[in-house]
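Dropping a structure here in structure tokens format, bear with me for questions.
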Amino acid sequence: MASSLLVVLLVASAASLAQAQLQYDFYNATCPGVEALVRAELNASFTADVTLPAALLRLHFHDCFVRGCDASIMLQSHNKTSEQDADPNSTVRGYATIEAIKAKVEATCPLVVSCADIMAMAARDAVFFSQGPDYQVETGRRDGNVSILEEALQFLPPADGNVSVLTKYFAVQNLTMKDMVVLSGAHTLGIAHCPSFETRLYNFTGAGDQDPSLDPAYAKGLASVCAPGDVASVEPLDAVSPKTFDTGYYQSVYNHQALLTSDQALLDDSLTGAYVERMTNATYLQTFFADFAVAMINMGRAGVRTGTDGEIRATCGIYID
């Protein structure tokens, strides 16, 4: 028992130390102006592809929930055994954009700035470009060199999870229930493919029925786009304002027009439901912005590698086998 407790304490101590080594303006001396460089390059990419901000925000989330924010999702496998190859990551994209930004940074500051930090900056810039909050990003992360498919299956929150399940997944990353309901607001951007919500439309309990929590008119519209077995069509996660970072997502959830079971489930808990209802009031937009900035900073500390742990590599998407 004493030995197990010691291990837990050592792991917690190491995590706390790593977080303490993250700091704002980490690259001021070693790569001055890197955040401005990243933002300028990304703004050009966002203008060319309006769907990219949501993709890069999601990429950062999916990275941080597996092995922490260490860019392990960028690693590739010839044998298809990396995080990228896990089913929950099958529609994740933005890898090429991160690689292109990394190449620009390498041309200015070779082997100084981590892929993990570039991904964190990109997620922040994606939010800001979409009319969301601008917030400072803590930097100083280093990159991991291990990526395992099974861990993505184990640690990424399920799209059909209830609040109790989701809270447990977030707790593994040292994130609270409030962090969970706030970070769920990232679904104000982006889309979901039909298989993510097909069961809600056509076979909710296994009896060929529809999820009764869906607004009937909304469900009818979804069914007109997503026939059974359709794997290609998509729908916006935010039915109100899908291209703007705002509280439209919470309005969608409150109006029973959420695509995913995990989103609609926020109404079923008194605490998360109260936050959803509060955010339907437009006067709380700045409150959401402030909450989201804090939650993103909290998530950005998950499992980070700093100091001499991990590496700074020239290319983010190297092969691990």
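Placement of Cβ uses the backbone N, Cα and C atoms for every residue, glycine included.
TrEMBL entries are annotated by machine, without manual review.
Predicted, not measured: the structure shown is a model, and the values here were computed from it.
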From the disulfide entries in TrEMBL, identify which of Cys64, Cys69, Cys109 pairs with Cys31.
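According to TrEMBL, the disulfide partner of Cys31 among Cys64, Cys69, Cys109 is Cys109.
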From the list Cys115, Cys226, which cysteine is recorded by TrEMBL as disulfide-linked to Cys194?
Cys226
Which one is it, Cys64, Cys115, that TrEMBL ties to Cys69 with a disulfide?
Cys64
Given the disulfide-bonded residues Cys115, Cys194, which one's Cβ is surrounded by the fewest other Cβ atoms within 10 Å?
Cys194
Under 8 Å between C-beta atoms and at least six apart in sequence, can you list the same-chain neighbours of Cys31 (disulfide bond), or say none if there are none?
Val105, Thr108, Cys109, Val112, Val113
His62, His187: which of these recorded positions has the highest Cβ count within 10 Å of its own Cβ?
His187
If I take the alpha carbons of Cys69 (disulfide bond) and Asp246 (Ca(2+) 2 binding site), what is the distance between them in whole Å?
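Here the two Cα atoms lie 25 Å apart.
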Measuring Cα to Cα, how many angstrom lie between Cys64 (disulfide bond) and His187 (heme b binding site)?
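Taking the Cα atoms only, Cys64 (disulfide bond) lies 17 Å from His187 (heme b binding site).
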